[in-house]
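Dumping the structure here so I can ask a few things about it.
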Amino acid sequence: MQTYGNPDVTYGWWAGNSGVTNRSGKFIAAHAAHTGLIAFWAGAFTLFELARFDPSVPMGHQPLIALPHLATLGIGFDEAGTFVGGTTVTAIAIVHLVLSMVYGAGGLLHSLTFPGDMQDSEVLQARKFKLEWDNPDNQTFILGHHLIFLGVANIQFVEWARIHGIWDAAAGSIRQVEYNLNLSSIWNHQFDFLTINNLEDVMGGHAFLAFFMITGGAFHIATKQVGEYTKFKGSGLLSAEAILSWSLAGIGWMAIVAAFWCATNTTVYPVDFFGEVLDLKFGIAPYWVDTVDLPNGAHTSRAWLTNVHYFLGFFYIQGHLWHALRAMGFDFKRVSSAVSNIGTASVTLND
(Lines of atoms letter the chains of each structure in order from A and count residues from 1; the text may use other names and numbers.)
(Lines give C-alpha, C1' and ligand atoms only; values in the text may rest on other atoms or scores of the structure.)
Protein backbone atom coordinates (compact mmCIF):
# COMPACT_ATOMS: atom_id res chain seq x y z
CA MET A 1 0.00 0.00 0.00
CA GLN A 2 1.12 3.58 -0.63
CA THR A 3 3.00 5.03 2.37
CA TYR A 4 4.27 8.31 0.81
CA GLY A 5 7.75 7.62 2.17
CA ASN A 6 6.65 6.99 5.77
CA PRO A 7 8.20 3.67 6.89
CA ASP A 8 6.08 3.50 10.06
CA VAL A 9 2.62 4.25 8.70
CA THR A 10 -0.43 3.05 10.66
CA TYR A 11 -3.63 2.17 8.79
CA GLY A 12 -7.14 2.32 10.18
CA TRP A 13 -9.18 -0.84 10.76
CA TRP A 14 -11.18 -0.11 7.60
CA ALA A 15 -8.10 -0.46 5.38
CA GLY A 16 -8.41 -4.24 5.26
CA ASN A 17 -5.97 -4.64 2.37
CA SER A 18 -3.15 -3.20 4.46
CA GLY A 19 -3.18 -6.26 6.72
CA VAL A 20 -2.41 -8.68 3.91
CA THR A 21 -0.26 -6.56 1.60
CA ASN A 22 3.05 -8.30 2.33
CA ARG A 23 1.68 -11.42 4.00
CA SER A 24 0.79 -13.94 1.31
CA GLY A 25 -0.53 -16.49 3.81
CA LYS A 26 -3.04 -13.97 5.17
CA PHE A 27 -3.79 -12.95 1.59
CA ILE A 28 -4.80 -16.54 0.75
CA ALA A 29 -6.85 -16.70 3.96
CA ALA A 30 -8.74 -13.59 2.90
CA HIS A 31 -9.36 -15.11 -0.55
CA ALA A 32 -10.75 -18.32 0.98
CA ALA A 33 -12.96 -16.43 3.43
CA HIS A 34 -14.23 -14.17 0.65
CA THR A 35 -15.09 -17.24 -1.44
CA GLY A 36 -17.00 -18.57 1.56
CA LEU A 37 -19.03 -15.35 1.78
CA ILE A 38 -19.89 -15.55 -1.92
CA ALA A 39 -20.93 -19.21 -1.61
CA PHE A 40 -23.03 -18.41 1.46
CA TRP A 41 -24.79 -15.57 -0.37
CA ALA A 42 -25.50 -17.84 -3.36
CA GLY A 43 -26.95 -20.63 -1.23
CA ALA A 44 -28.92 -18.44 1.16
CA PHE A 45 -30.32 -16.17 -1.53
CA THR A 46 -31.36 -19.13 -3.68
CA LEU A 47 -33.39 -20.52 -0.76
CA PHE A 48 -34.81 -17.05 -0.09
CA GLU A 49 -35.93 -16.67 -3.71
CA LEU A 50 -37.30 -20.22 -3.83
CA ALA A 51 -39.50 -19.46 -0.81
CA ARG A 52 -40.88 -16.34 -2.57
CA PHE A 53 -41.19 -17.79 -6.08
CA ASP A 54 -44.73 -17.81 -7.49
CA PRO A 55 -45.11 -20.25 -10.44
CA SER A 56 -48.29 -18.46 -11.55
CA VAL A 57 -46.34 -15.26 -12.32
CA PRO A 58 -43.70 -15.12 -15.09
CA MET A 59 -40.27 -15.51 -13.53
CA GLY A 60 -38.96 -12.41 -15.28
CA HIS A 61 -41.64 -10.29 -13.60
CA GLN A 62 -40.50 -11.29 -10.12
CA PRO A 63 -37.54 -9.72 -8.26
CA LEU A 64 -35.29 -12.76 -8.64
CA ILE A 65 -31.58 -13.09 -9.41
CA ALA A 66 -30.37 -16.61 -8.60
CA LEU A 67 -33.33 -18.62 -9.94
CA PRO A 68 -33.24 -17.08 -13.44
CA HIS A 69 -29.57 -18.01 -13.80
CA LEU A 70 -30.28 -21.58 -12.71
CA ALA A 71 -33.21 -21.70 -15.13
CA THR A 72 -31.02 -20.67 -18.08
CA LEU A 73 -28.74 -23.60 -17.17
CA GLY A 74 -31.73 -25.95 -17.28
CA ILE A 75 -31.73 -26.53 -13.52
CA GLY A 76 -35.07 -26.79 -11.70
CA PHE A 77 -37.07 -26.64 -14.92
CA ASP A 78 -37.98 -29.26 -17.51
CA GLU A 79 -37.21 -29.12 -21.24
CA ALA A 80 -40.27 -26.95 -21.84
CA GLY A 81 -39.26 -24.46 -19.17
CA THR A 82 -41.90 -25.55 -16.67
CA PHE A 83 -41.00 -25.37 -12.99
CA VAL A 84 -40.68 -28.96 -11.77
CA GLY A 85 -40.21 -28.36 -8.07
CA GLY A 86 -37.51 -27.10 -5.81
CA THR A 87 -35.71 -30.35 -4.93
CA THR A 88 -32.78 -29.84 -7.29
CA VAL A 89 -32.59 -26.11 -6.62
CA THR A 90 -32.69 -26.73 -2.86
CA ALA A 91 -29.91 -29.30 -3.15
CA ILE A 92 -27.70 -26.83 -5.05
CA ALA A 93 -28.37 -24.13 -2.46
CA ILE A 94 -27.47 -26.47 0.41
CA VAL A 95 -24.27 -27.55 -1.35
CA HIS A 96 -23.29 -23.88 -1.60
CA LEU A 97 -24.01 -23.38 2.11
CA VAL A 98 -21.89 -26.40 3.02
CA LEU A 99 -19.09 -25.18 0.76
CA SER A 100 -19.27 -21.77 2.41
CA MET A 101 -18.46 -23.43 5.73
CA VAL A 102 -15.58 -25.33 4.14
CA TYR A 103 -14.16 -22.17 2.58
CA GLY A 104 -14.64 -20.27 5.84
CA ALA A 105 -12.81 -23.00 7.74
CA GLY A 106 -10.05 -22.86 5.13
CA GLY A 107 -9.76 -19.12 5.66
CA LEU A 108 -9.47 -19.59 9.43
CA LEU A 109 -6.95 -22.39 8.96
CA HIS A 110 -4.72 -20.26 6.75
CA SER A 111 -5.12 -17.27 9.03
CA LEU A 112 -4.51 -18.96 12.39
CA THR A 113 -2.43 -22.09 11.70
CA PHE A 114 -0.42 -21.74 8.51
CA PRO A 115 2.44 -19.22 8.09
CA GLY A 116 1.35 -15.62 7.60
CA ASP A 117 3.90 -15.35 4.80
CA MET A 118 4.20 -18.21 2.30
CA GLN A 119 7.93 -17.48 2.11
CA ASP A 120 8.18 -19.06 5.59
CA SER A 121 6.36 -22.24 4.54
CA GLU A 122 8.11 -25.60 4.76
CA VAL A 123 6.53 -26.62 1.45
CA LEU A 124 8.66 -25.71 -1.57
CA GLN A 125 5.71 -25.23 -3.94
CA ALA A 126 3.94 -22.98 -1.43
CA ARG A 127 6.97 -20.70 -1.19
CA LYS A 128 6.62 -19.93 -4.90
CA PHE A 129 3.44 -18.00 -4.08
CA LYS A 130 5.14 -15.45 -1.87
CA LEU A 131 4.25 -11.84 -2.69
CA GLU A 132 6.89 -9.66 -4.31
CA TRP A 133 4.87 -6.78 -5.71
CA ASP A 134 7.70 -5.18 -7.68
CA ASN A 135 8.93 -8.50 -9.10
CA PRO A 136 7.23 -9.14 -12.47
CA ASP A 137 8.38 -12.78 -12.52
CA ASN A 138 6.60 -13.42 -9.23
CA GLN A 139 3.45 -11.60 -10.30
CA THR A 140 3.26 -13.25 -13.71
CA PHE A 141 3.66 -16.68 -12.07
CA ILE A 142 0.64 -16.02 -9.84
CA LEU A 143 -1.31 -14.47 -12.73
CA GLY A 144 -0.77 -17.64 -14.78
CA HIS A 145 -2.54 -19.79 -12.21
CA HIS A 146 -5.49 -17.39 -12.11
CA LEU A 147 -5.82 -17.59 -15.90
CA ILE A 148 -5.79 -21.39 -15.88
CA PHE A 149 -8.60 -21.52 -13.30
CA LEU A 150 -10.66 -19.10 -15.40
CA GLY A 151 -10.01 -21.24 -18.48
CA VAL A 152 -11.17 -24.39 -16.68
CA ALA A 153 -14.36 -22.57 -15.61
CA ASN A 154 -15.04 -21.73 -19.26
CA ILE A 155 -14.55 -25.38 -20.21
CA GLN A 156 -17.05 -26.45 -17.54
CA PHE A 157 -19.64 -24.05 -18.93
CA VAL A 158 -19.08 -25.15 -22.54
CA GLU A 159 -19.25 -28.85 -21.63
CA TRP A 160 -22.38 -28.34 -19.54
CA ALA A 161 -24.11 -26.75 -22.53
CA ARG A 162 -22.88 -29.51 -24.85
CA ILE A 163 -23.77 -32.49 -22.65
CA HIS A 164 -26.67 -31.37 -20.45
CA GLY A 165 -28.04 -28.46 -22.46
CA ILE A 166 -29.12 -24.92 -21.60
CA TRP A 167 -32.18 -22.80 -22.27
CA ASP A 168 -32.57 -21.64 -25.87
CA ALA A 169 -34.83 -18.60 -26.02
CA ALA A 170 -35.35 -19.02 -29.78
CA ALA A 171 -36.57 -22.62 -29.42
CA GLY A 172 -38.32 -22.07 -26.11
CA SER A 173 -36.78 -25.17 -24.58
CA ILE A 174 -33.62 -26.68 -23.15
CA ARG A 175 -31.29 -28.14 -25.77
CA GLN A 176 -27.72 -29.30 -26.14
CA VAL A 177 -25.46 -26.70 -27.75
CA GLU A 178 -22.34 -27.45 -29.80
CA TYR A 179 -19.87 -24.59 -29.74
CA ASN A 180 -19.03 -22.81 -32.99
CA LEU A 181 -15.26 -22.34 -33.02
CA ASN A 182 -15.24 -20.13 -36.10
CA LEU A 183 -12.41 -17.71 -35.40
CA SER A 184 -13.69 -15.17 -37.92
CA SER A 185 -17.09 -15.11 -36.23
CA ILE A 186 -15.51 -14.87 -32.78
CA TRP A 187 -13.31 -11.98 -33.91
CA ASN A 188 -16.26 -10.09 -35.40
CA HIS A 189 -18.29 -10.50 -32.21
CA GLN A 190 -15.77 -8.30 -30.40
CA PHE A 191 -17.65 -5.37 -31.89
CA ASP A 192 -21.26 -6.60 -31.87
CA PHE A 193 -21.35 -8.97 -28.89
CA LEU A 194 -24.32 -7.10 -27.42
CA THR A 195 -26.47 -8.29 -30.33
CA ILE A 196 -25.28 -11.91 -30.47
CA ASN A 197 -28.34 -14.05 -31.22
CA ASN A 198 -27.35 -17.73 -31.17
CA LEU A 199 -26.00 -19.98 -28.45
CA GLU A 200 -23.48 -21.70 -30.72
CA ASP A 201 -21.53 -18.45 -31.05
CA VAL A 202 -21.83 -17.80 -27.31
CA MET A 203 -20.35 -21.20 -26.53
CA GLY A 204 -17.73 -20.76 -29.25
CA GLY A 205 -16.56 -17.56 -27.59
CA HIS A 206 -16.27 -19.34 -24.24
CA ALA A 207 -14.38 -22.25 -25.84
CA PHE A 208 -11.95 -19.81 -27.44
CA LEU A 209 -11.50 -18.00 -24.12
CA ALA A 210 -10.80 -21.33 -22.42
CA PHE A 211 -8.01 -22.13 -24.89
CA PHE A 212 -6.67 -18.57 -24.79
CA MET A 213 -6.63 -18.36 -20.99
CA ILE A 214 -5.12 -21.79 -20.36
CA THR A 215 -2.44 -21.20 -22.99
CA GLY A 216 -1.74 -17.75 -21.59
CA GLY A 217 -1.66 -19.12 -18.06
CA ALA A 218 0.88 -21.78 -18.99
CA PHE A 219 2.96 -19.12 -20.76
CA HIS A 220 2.96 -16.83 -17.73
CA ILE A 221 3.90 -19.67 -15.38
CA ALA A 222 6.71 -21.03 -17.55
CA THR A 223 8.36 -17.81 -18.74
CA LYS A 224 10.32 -15.00 -17.15
CA GLN A 225 10.93 -11.47 -18.37
CA VAL A 226 13.54 -10.95 -21.04
CA GLY A 227 16.28 -8.44 -20.31
CA GLU A 228 16.55 -5.88 -17.54
CA TYR A 229 13.46 -4.72 -15.67
CA THR A 230 13.55 -1.05 -16.67
CA LYS A 231 11.23 1.90 -16.11
CA PHE A 232 10.05 1.48 -19.69
CA LYS A 233 8.78 -1.97 -18.69
CA GLY A 234 7.11 -0.61 -15.56
CA SER A 235 9.81 -0.65 -12.93
CA GLY A 236 8.71 1.55 -10.05
CA LEU A 237 5.03 1.38 -11.05
CA LEU A 238 4.33 -2.25 -10.14
CA SER A 239 3.06 -2.32 -6.55
CA ALA A 240 0.30 -3.77 -4.41
CA GLU A 241 -1.79 -0.63 -4.82
CA ALA A 242 -1.24 -0.55 -8.59
CA ILE A 243 -2.37 -4.17 -8.96
CA LEU A 244 -5.39 -3.46 -6.76
CA SER A 245 -6.30 -0.54 -9.02
CA TRP A 246 -6.02 -2.70 -12.15
CA SER A 247 -8.18 -5.38 -10.54
CA LEU A 248 -10.86 -2.81 -9.74
CA ALA A 249 -10.70 -1.49 -13.30
CA GLY A 250 -11.18 -5.00 -14.68
CA ILE A 251 -14.14 -5.91 -12.50
CA GLY A 252 -15.68 -2.46 -13.01
CA TRP A 253 -15.42 -2.77 -16.78
CA MET A 254 -16.93 -6.27 -16.71
CA ALA A 255 -19.83 -5.06 -14.54
CA ILE A 256 -20.64 -2.19 -16.91
CA VAL A 257 -20.44 -4.47 -19.97
CA ALA A 258 -22.71 -6.97 -18.20
CA ALA A 259 -25.20 -4.17 -17.50
CA PHE A 260 -25.49 -3.21 -21.17
CA TRP A 261 -25.62 -6.87 -22.20
CA CYS A 262 -28.32 -7.73 -19.68
CA ALA A 263 -30.39 -4.68 -20.62
CA THR A 264 -30.61 -5.52 -24.32
CA ASN A 265 -29.72 -9.15 -25.10
CA THR A 266 -32.45 -11.80 -25.02
CA THR A 267 -30.31 -14.77 -26.07
CA VAL A 268 -28.03 -14.83 -23.03
CA TYR A 269 -30.72 -13.25 -20.81
CA PRO A 270 -34.01 -14.78 -22.07
CA VAL A 271 -37.23 -12.82 -21.70
CA ASP A 272 -38.82 -15.93 -20.15
CA PHE A 273 -36.63 -15.68 -17.06
CA PHE A 274 -35.38 -12.09 -16.94
CA GLY A 275 -38.27 -10.07 -18.35
CA GLU A 276 -38.51 -7.70 -21.30
CA VAL A 277 -35.61 -5.55 -22.56
CA LEU A 278 -35.07 -2.19 -20.88
CA ASP A 279 -34.97 1.46 -21.92
CA LEU A 280 -31.93 3.58 -21.10
CA LYS A 281 -32.75 6.86 -19.33
CA PHE A 282 -30.61 9.73 -18.12
CA GLY A 283 -30.96 11.64 -14.86
CA ILE A 284 -28.20 12.42 -12.40
CA ALA A 285 -26.70 9.20 -13.80
CA PRO A 286 -27.73 6.75 -16.53
CA TYR A 287 -30.27 4.14 -15.46
CA TRP A 288 -32.54 1.55 -17.07
CA VAL A 289 -36.31 1.25 -16.73
CA ASP A 290 -38.78 -1.52 -17.53
CA THR A 291 -40.73 -1.44 -20.78
CA VAL A 292 -43.58 -3.55 -19.39
CA ASP A 293 -46.32 -2.45 -16.99
CA LEU A 294 -45.93 -4.09 -13.58
CA PRO A 295 -47.65 -3.54 -10.21
CA ASN A 296 -46.53 -0.42 -8.36
CA GLY A 297 -43.01 -0.85 -7.00
CA ALA A 298 -42.30 -4.07 -8.91
CA HIS A 299 -39.44 -4.51 -11.36
CA THR A 300 -38.24 -7.26 -13.64
CA SER A 301 -35.20 -9.40 -12.88
CA ARG A 302 -33.52 -7.69 -15.82
CA ALA A 303 -34.01 -4.24 -14.26
CA TRP A 304 -32.51 -5.35 -10.95
CA LEU A 305 -29.51 -7.04 -12.51
CA THR A 306 -28.77 -4.28 -15.00
CA ASN A 307 -28.92 -1.34 -12.62
CA VAL A 308 -27.04 -3.07 -9.80
CA HIS A 309 -24.27 -4.14 -12.18
CA TYR A 310 -23.98 -0.67 -13.68
CA PHE A 311 -23.75 1.23 -10.39
CA LEU A 312 -21.39 -1.30 -8.82
CA GLY A 313 -19.23 -1.04 -11.94
CA PHE A 314 -19.28 2.75 -11.73
CA PHE A 315 -18.03 2.75 -8.15
CA TYR A 316 -15.42 0.09 -8.91
CA ILE A 317 -14.05 2.41 -11.58
CA GLN A 318 -13.91 5.25 -9.03
CA GLY A 319 -11.99 2.92 -6.74
CA HIS A 320 -9.64 2.15 -9.60
CA LEU A 321 -8.93 5.84 -10.17
CA TRP A 322 -8.40 6.45 -6.44
CA HIS A 323 -5.91 3.60 -6.00
CA ALA A 324 -4.21 4.23 -9.35
CA LEU A 325 -3.51 7.84 -8.41
CA ARG A 326 -2.22 6.76 -4.99
CA ALA A 327 0.02 4.18 -6.65
CA MET A 328 1.45 6.94 -8.84
CA GLY A 329 2.28 8.97 -5.73
CA PHE A 330 -0.63 11.42 -5.60
CA ASP A 331 -1.36 12.34 -1.96
CA PHE A 332 -5.06 13.05 -1.46
CA LYS A 333 -4.33 14.62 1.93
CA ARG A 334 -2.78 17.53 0.08
CA VAL A 335 -6.16 18.28 -1.50
CA SER A 336 -7.91 18.74 1.85
CA SER A 337 -4.92 20.69 3.15
CA ALA A 338 -5.00 23.01 0.14
CA VAL A 339 -8.75 23.56 0.46
CA SER A 340 -8.47 24.38 4.17
CA ASN A 341 -5.68 26.90 3.49
CA ILE A 342 -7.49 28.80 0.73
CA GLY A 343 -8.72 31.50 3.12
CA THR A 344 -5.26 32.20 4.56
CA ALA A 345 -3.22 31.80 1.42
CA SER A 346 -1.41 34.86 0.11
CA VAL A 347 0.15 35.66 -3.23
CA THR A 348 3.37 37.70 -3.44
CA LEU A 349 4.40 39.37 -6.66
CA ASN A 350 8.10 39.95 -7.14
CA ASP A 351 9.26 43.09 -8.91
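Placement of Cβ uses the backbone N, Cα and C atoms for every residue, glycine included.
As the structure is a computational prediction, the values presented were derived from the model and not from experiment.
The transmembrane segment annotation in Swiss-Prot covers 27-47, 64-84, 89-109, 202-222, 242-262, 305-325 and rests on sequence analysis.
Walk me through the surroundings of each of these features.
Under 8 Å from some Cβ of the transmembrane segment (27-47) lie the Cβ atoms of residues 16, 20, 65-67, 70, 89-90, 92-97, 99-104, 106-111, 114, 118, 129, 131, all in the same chain and six or more residues away from its ends.
Proximity of distant same-chain residues to the transmembrane segment (242-262), defined by a Cβ-Cβ separation under 8 Å and at least 6 residues beyond the stretch ends, is recorded for 17, 133, 139, 193-194, 268-269, 274, 288, 302, 305-307, 309-310, 312-317, 319-324, 326-327.
Beyond the ends of the transmembrane segment (305-325), by six or more residues, the same chain brings 65, 241-242, 244-246, 248-249, 251-256, 258-259, 262-263, 269, 274, 278, 285-288, 332 to within a C-beta distance below 8 angstroms of the stretch.
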Determine which residues of the chain contact the transmembrane segment (202-222) at the Cβ level, with the cut-off under 8 Å and only residues 6 or more beyond its ends counted.
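Distal contacts: 140-141, 143-148, 150-152, 154-155, 157-158, 161-162, 177-183, 185-186, 189, 193, 196, 267-268.
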